[in-house]
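Participant: First the structure, then my questions, so here it is.
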Amino acid sequence: MSGELPPNINIKEPRWDQSTFIGRANHFFTVTDPRNILLTNEQLESARKIVHDYRQGIVPPGLTENELWRAKYIYDSAFHPDTGEKMILIGRMSAQVPMNMTITGCMMTFYRTTPAVLFWQWINQSFNAVVNYTNRSGDAPLTVNELGTAYVSATTGAVATALGLNALTKHVSPLIGRFVPFAAVAAANCINIPLMRQRELKVGIPVTDENGNRLGESANAAKQAITQVVVSRILMAAPGMAIPPFIMNTLEKKAFLKRFPWMSAPIQVGLVGFCLVFATPLCCALFPQKSSMSVTSLEAELQAKIQESHPELRRVYFNKGL
């Protein structure tokens, strides 16, 4: 290997310490960088070659550590971690901010009529379905039935919440009405994510010791993982759906937007995008990707199995998902 690059860099793990919030935030700011969706196929293939070659002990002359890490994050942003296949463009983490800012901005601009609510909630849940399918587990892929059930249920839940709250808020302040899309998105997340991961709730997710040695499967760990993901997804949407309504409520009373009402949607999308650039990585970083729980919180059968084989073990670890 080249003398410029140490041979033992672990590019299977993130570059920053994942036991700290700052380390996780740095990691997700890199993973969700929207500029990655602008990369050409040639740049993606170059990054894939660098990563694959390095894992085989082959390093191009002059490759630096920073260039290796850049290639690793480009590779991770575009290729599925289990299958190695190139992911659908809009399903990649780097597409989250531009896609969500557009959809959320439009949901919050066109929320007053039933057809608009139906259309934008359907668009939002269709996008969520693409993201969930793109980032599915390679070991336990989603079936068409599971994907369809989650998609239909989340769309129905979001639309019902939005239409119900629209009816309730007709006689209150217009500002309150602007928060209806956020309530619909929160309700949809509470439906969509557990349904999308229903197999994990039934059979459990793999739990390991600190060194990654597999100890069994736990549905209790799956419940904790899914709860953390639901919380982070709702909080991720909160700034972009809670701050712009106050700003737009003030702006729409000004002469500028009264004269140019068509500017409302672009301004709303821009405000949402600004919030999401920070909220997306920071909320992904709220909980460690490698989450943990006490052995005593596991199912009795798994507890007994672990206590028999690893009597000194106090905590188990698992991948919480995104």
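Cβ coordinates come from backbone N, Cα and C, glycine included.
Sequence annotations record features per position, and here Swiss-Prot assigns N-acetylserine to SER2 based on experimental evidence. Per Swiss-Prot, the feature topological domain 'Mitochondrial matrix' maps to 2-102, 168-174, 250-266; the stated evidence is a curator's inference. The topological domain 'Mitochondrial intermembrane' annotation in Swiss-Prot covers 121-146, 196-228, 288-322. Summarising the annotation, Swiss-Prot assigns transmembrane segment to 103-120, 147-167, 175-195, 229-249, 267-287.
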Participant: Is the number of Cβ-Cβ pairs under 8 Å between the transmembrane segment (229-249) and the transmembrane segment (147-167) three or more, considering only pairs separated by 6 or more positions?
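Facilitator: Output no: the transmembrane segment (229-249) is apart from the transmembrane segment (147-167).
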Participant: Give me the DSSP three-state residue breakdown of the topological domain 'Mitochondrial matrix' (2-102), ordered helix, strand, coil.
Facilitator: 58 helix, 2 strand, 41 coil
Participant: Report the mean pLDDT of the predicted model across the topological domain 'Mitochondrial matrix' (2-102), rounded to a whole number.
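Facilitator: Looking only at the topological domain 'Mitochondrial matrix' (2-102), pLDDT averages out to 87.
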Participant: When you scan the chain for residues with a C-beta under 8 Å from the transmembrane segment (147-167), skipping those not six or more beyond its ends, what do you find?
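Facilitator: Residues packing against the transmembrane segment (147-167) from afar: 111-112, 114, 117-118, 121-122, 124-126, 128-129, 132-133, 177, 180-181, 183-185, 187-192, 195-196, 198.
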Participant: In the same chain, who gets a Cβ under 8 Å from the topological domain 'Mitochondrial intermembrane' (196-228) while lying at least 6 residues past its ends?
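Facilitator: Same-chain residues near the topological domain 'Mitochondrial intermembrane' (196-228) but 6 or more away: 132, 140, 142, 146-147, 150, 286-287, 291, 293, 297-299, 302, 305-306, 309-310, 313, 315-321.
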Participant: Which numbers of helix, strand and coil residues does DSSP report for the topological domain 'Mitochondrial intermembrane' (288-322)?
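Facilitator: Breakdown, helix to coil: 13 helix, 10 strand, 12 coil.
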Participant: State the non-local partners of the topological domain 'Mitochondrial matrix' (250-266) in its own chain: residues 6+ outside its ends, Cβ under 8 Å from one of its Cβ atoms.
Facilitator: 105-106, 109-110
Participant: Near the topological domain 'Mitochondrial matrix' (168-174), which residues from the same chain, at least 6 beyond its ends, have a CB less than 8 A from one of its CBs?
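Facilitator: Apart from its flanks, the topological domain 'Mitochondrial matrix' (168-174) reaches 180, 249.
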Participant: Please indicate, using numbers and ranges, the residues of the same chain that are 6 or more beyond the topological domain 'Mitochondrial intermembrane' (288-322) and have a C-beta under 8 Å from a C-beta there.
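Facilitator: Residues packing against the topological domain 'Mitochondrial intermembrane' (288-322) from afar: 18-19, 24, 93, 135, 197, 205-210, 212, 215-221, 224-226, 228-229.
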Participant: Summarise the topological domain 'Mitochondrial matrix' (250-266) by DSSP state, stating how many residues are helix, strand and coil.
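Facilitator: Residue counts in helix, strand and coil order: 13 helix, 0 strand, 4 coil.
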